Amino acid sequence: MIRCVQTRLFAVIGHPVKHSLSPAMMNAAFRALDIPAFYLALEVSDFLEDMKHITALGFDGLSVTIPHKESAMKLAVVDDEAARAIGAVNCLKRVDDVWRGKNTDWIGVVDSFKSRGIDISGKKALVLGAGGAARGVIYAALKMGAEVTVVNRTDEKAFSLADEFGINAVEHKSLKERVCDFQVVFQTTPVGMNGYPVEHFWPYDIFRPGMIVMDLVYRPAKTAFMKSAEERGCTVISGLDMLLYQGVAQFEWWFDRPAPLEAMKKALYEAAEQDDHV
Ligand code: ATR
């Protein structure tokens, strides 16, 4: 067993993670609180095999990103009700030589709203997309007391997700007629992300003044979807906020102390701005 003795080791594991903004955010947190720790980005392609080496190297905590969140759920001891409902963990912590798992993605969504004083309880929320990211968002929106409906390019997936969570689904083809019913919209698909082959899928005329619109895509920091929502009088919330608050929750779970929010936010937004210019 190898253990790094000068400094505690943390990392984000995923594939690809080359452009991850998490190292900038987490290392800023360590610096702000003078914690002798370091946070890396590790490309992990074979999850179970690579986790053996990561464990042997003595890592204390890991952020887990696409495509390993479901595998991490299977590997870890998980007593987090949210992770079980969502079916994924995005955070691992080594406790007494055992990996424990937690989901903080949904906390990232809830705290993005809380930090702006936006209350969506009793409001009608529409979730665009029915993949892994949508599951965390649906869980968060339900926890915030919203009435949730899902719509997806592939209708069947929306309907089966709706069954599972006890929410509504609408067919993709009826989105335009139904959209007036909603006050909150969450965009959870990779559409609009830098480098993704498709820039535009959801019609921008779904936006109404006063809607609250959150796009989980944060590369670019302001997507075309968000720009268009803003132009039509909506309040927009960036996926960067979710990234920040899910990271804050991870830090607090690892260290059992309050995270340095401002330092993390500054580092994250600066790294995102640099990334937008690459
Ligand atoms: P993730 O775990 O990141 O959510 P996923 O499980 O692959 O990723 O889900 C991706 C979601 O984005 C799905 O809702 C997918 O729609 P389908 O179920 O129809 O595949 C949606 N998505 C991906 N590419 C899309 C595109 N070009 N246009 C519309 N929706 C897209």
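Backbone N, Cα and C define each Cβ position, glycine as well.
TrEMBL annotations: computationally assigned, not manually curated.
As recorded in TrEMBL:
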- 12-92: domain 'Shikimate dehydrogenase substrate binding N-terminal' (DOMAIN)
- S20, L21, S22, T65, N90, D105, Y218, Q246: shikimate binding site (BINDING)
- K69: active site, proton acceptor (ACT_SITE)
- E81, G129, A130, G131, G132, A133, N152, R153, T154, D155, E156, K157, L216, G239: NADP(+) binding site (BINDING)
- 119-189: domain 'Quinate/shikimate 5-dehydrogenase/glutamyl-tRNA reductase' (DOMAIN)
- 239-268: domain 'SDH C-terminal' (DOMAIN)
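For ligand 1, there are no nearby recorded positions; that is, of S22, K69, E81, D105, none has a C-beta under 6 Å from one of its atoms. Burial estimate for the binding-site residues (T65, Q246): highest at Q246, by number of other CB atoms within 10 Å.
Confidence in the domain 'Shikimate dehydrogenase substrate binding N-terminal' (12-92), given as mean pLDDT, stands at 96. Across the domain 'Quinate/shikimate 5-dehydrogenase/glutamyl-tRNA reductase' (119-189), DSSP assigns 33 helix, 16 strand, 22 coil. Listed binding-site residues: S20, N90; maximum Cβ neighbour count within 10 Å falls on N90. Listed in chain order, the extra residues whose Cβ falls within 8 Å of the Cβ center of the shikimate site residues S20, L21, S22, T65, N90, D105, Y218, Q246 are V12, S63, L243, G247.
For Y218 (shikimate binding site), the nearest neighbour among the listed binding-site residues (E81, G132, T154), judged by C-alpha distance, is G132. A coil conformation is recorded for Y218 (shikimate binding site) in the three-state DSSP classification, outside any helix or strand. Remote same-chain partners of the domain 'SDH C-terminal' (239-268), defined as residues 6 or more beyond its termini with a Cβ less than 8 Å from a stretch Cβ, comprise 10, 21-22, 24-29, 31-33, 35, 60-61, 63, 90-91, 93, 102, 104-105, 107-112, 115, 214-218, 221. When the Cα of S20 (shikimate binding site) is compared against those of the recorded positions K69, E81, A130, G132, E156, the shortest separation belongs to K69. Checking each of the recorded positions (K69, E81, A130, L216) against N90 (shikimate binding site), the C-alpha distance stays within 10 Å for K69. Each residue contributes its Cα atom, and for G132 (NADP(+) binding site) and D105 (shikimate binding site) those atoms are 11 Å apart. Note: T154 (NADP(+) binding site) has non-local neighbours A130, i.e. same-chain residues 6+ apart with C-beta under 8 A of its own C-beta.
Each of the binding-site residues E81, D105, E156 was assessed for Cβ neighbours inside 10 Å, and the highest tally belongs to D105.
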